[in-house]
Amino acid sequence: MMLWKFPVRYDVIVIGGGHAGCEAALASARMGLRTLLLTMNLDTIAKMSCNPAVGGIAKGHIVREIDALGGEMGKVIDVTGIQYRMLNATKGPAVWAPRAQADKLAYQSEMKHRMERVSNLDIKQGTIEDLLIENDHICGVITKEGISYDCQAIVLSSGTFLRGLLHIGETNYSGGRAGDQPSVGMSASLEKYGLKLGRLKTGTPPRINKRSIDFSCTEEQPGDPGVKFSYDNEGIPRLPQVSCYITYTTEETKQIILSNIHRSPMYSGKIKGVGPRYCPSIEDKVVRFSDKERHQIFLEPEGLQTQEVYVNGVSSSLPFDVQLAFIKSIPALRHAEIMRPAYAIEYDYVISGQIDFSLECKKIGGLFLAGQINGTSGYEEAAGQGLMAGINAANKVMGKAPLILKRSEAYIGVMIDDLVTKGLDEPYRMFTSRAEHRLLLRQDNADLRLRRYGYEVGLVDQTRYDRVKEKQRIMEEESERLAKTFKQVSNKGYTLTQLLCRPENTYASLLKEYPDVMQNFGEEINFQIELNLKYAGYIDRQTSEVAKLAHVEKIQIPIGFDFSTVNGLRNEAKQKLNQIAPRHLGQALRISGVSPADISILMIALTRYQEPIEKERLTSDCSEA
């Protein structure tokens, strides 16, 4: 094939225009690097291929962290959402999670519009056929259209497109998702350069016509007021808000599915990829939970300008006639019209152990991976990885150290640490239970935790950084003042802190009761002061646990350290440690197959390894003196 060389040499090329690719491209360009986003179709940038929603349990935390670091997802959903809710609001604050129903076409359009306005960012349509690599380092790409682009780093965020195969009953065909072609050349290129690929599976439910739903048989679910994702979107106008609706499957639904289970490619053996355990298809639900009488379904509008409704809870790969039959077995959907059928999709991903904590490939320098190619599922998980990959690709080009978030700092840090240190046997989904220090990683304090990093890499401007520093100052000073200010209650003196910590009291109620001594800093700051004081004991305990682990995290492991030379380490530990190459002892401790006894042996070995290096350094210093 004759190639035409594009005359501009880019610093960073981002492959794929999904949620990971958007964040990666924006981060790299805003950090001052000449960036190119290459995607197969400019009309599908930021497309919501599955559910029309952003956020949810743990996922909402990630979106707020993306925003705190200077990313875009939270800002876009705040202006394109058609319903907002705070999930788990009746539980403890560690698991409260914002979720928004999106107008998915508005979301796509808004994200694309924002990207097109960013200087340093070029957006072009093209399908990647091959990577250009010299001396084990990325140097460019070749497209199907016969164009070669040179660069210094690449972020690959291919979603479900790598050798994608769609399944609807006995029918299957190649595709990246419904209506889009797959990427075949990229998979072959990755294998050619030594990366090991596996297969995963995900699925999506049918979309039905809103006019065909009997809403009298459903339970209305309105949104919650005051929920937002971005720390910078105060007072912005919002789209008209709508409700979602709840309904349930029936015994008839169950029998229809069970009598046709042999026609499901999941159960006939046609699908080889592993699906997400925590987002099962309706086939899996009726088989695995056979004692359950019914399963909950959420009817979610896909936008203000469409009649399509997403039937959340019935992801399926059954044939269309079976889909139609089980949908019509639900009372609210007796007359339902399916506008788009459900389907399952298999796709390639890079098997665990081949990227480091910066998301850079170990075998190919300058190649960063983000999103479903790393084995994750979900828009939010992809966007979080995309942001970090974009930051670290830019840092590599500029000769700077990568930004690596700790598990105690962010859910994004937990996710990436898990992806690197733990093997995946199914699509990875973030849960609050994966984080050891959930009370420190609340959705409300992401700006206090992470905005500094966004400022340091150049994604957060001085004004926004000053705002969070001022917020921190107010919270600290007010907490001290509340602990020193007394009020008489039933002839007994109590500090305002003591009164606030009573279960029946809130910051808002004390503002009304004691307006002479309570100060109003706005709902957000008032709320955080209240949480920090009410949960002070638990927060202090988790902070202490983090401090205890810090000394293990500080014991660095030299780059290129050969674990096979350490006497006493079990063979499994040697293999896993050499494969993953942890940067410090804390990461080594979390690797599956590495025991506490292995860590003790490794700690001694590292001490001995460092002794001659330290002695040589001291000798050198003395000679120079």
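Cβ coordinates come from backbone N, Cα and C, glycine included.
Source: prediction; values computed, not measured.
Per Swiss-Prot, FAD binding site is recorded for G16, G17, G18, H19, A20, G21, I128, S183, Q372, and the stated evidence type is sequence analysis. Annotated NAD(+) binding site per Swiss-Prot: 275-289, in sequence order.
Taking the features listed in Swiss-Prot, we show where each one sits on the structure.
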residue	record	Cβ neighbours (10 Å)
G18	FAD binding site	29
I128	FAD binding site	24
G275	NAD(+) binding site	21
R277	NAD(+) binding site	12
C279	NAD(+) binding site	18
S281	NAD(+) binding site	25
E283	NAD(+) binding site	26
K285	NAD(+) binding site	19
F289	NAD(+) binding site	12
Q372	FAD binding site	30
Nearest of the binding-site residues (R277, C279, S281, K285) to G18 (FAD binding site), judged by Cα-Cα distance: C279
Spatial neighbours, same chain, of V287 (NAD(+) binding site) - Cβ under 8 Å, 6+ residues apart: L258, I261, Y267
Residues satisfying Cβ distance under 8 Å from A20 (FAD binding site), sequence separation of at least 6: V155, S157, G159, A370, G371, A382, A383, Q385, G386, A389
Nonlocal residues around G16 (FAD binding site), in sequence order (Cβ under 8 Å, 6 or more apart): L38, T39, L156, S157, S158, G159, F161, G371
C-alpha spacing of Q372 (FAD binding site) relative to R277 (NAD(+) binding site), in angstrom: 15
Between F289 (NAD(+) binding site) and Q372 (FAD binding site), the C-alpha gap once rounded to whole angstrom: 28
Q372 (FAD binding site) and E283 (NAD(+) binding site), distance between Cα atoms, whole Å: 23
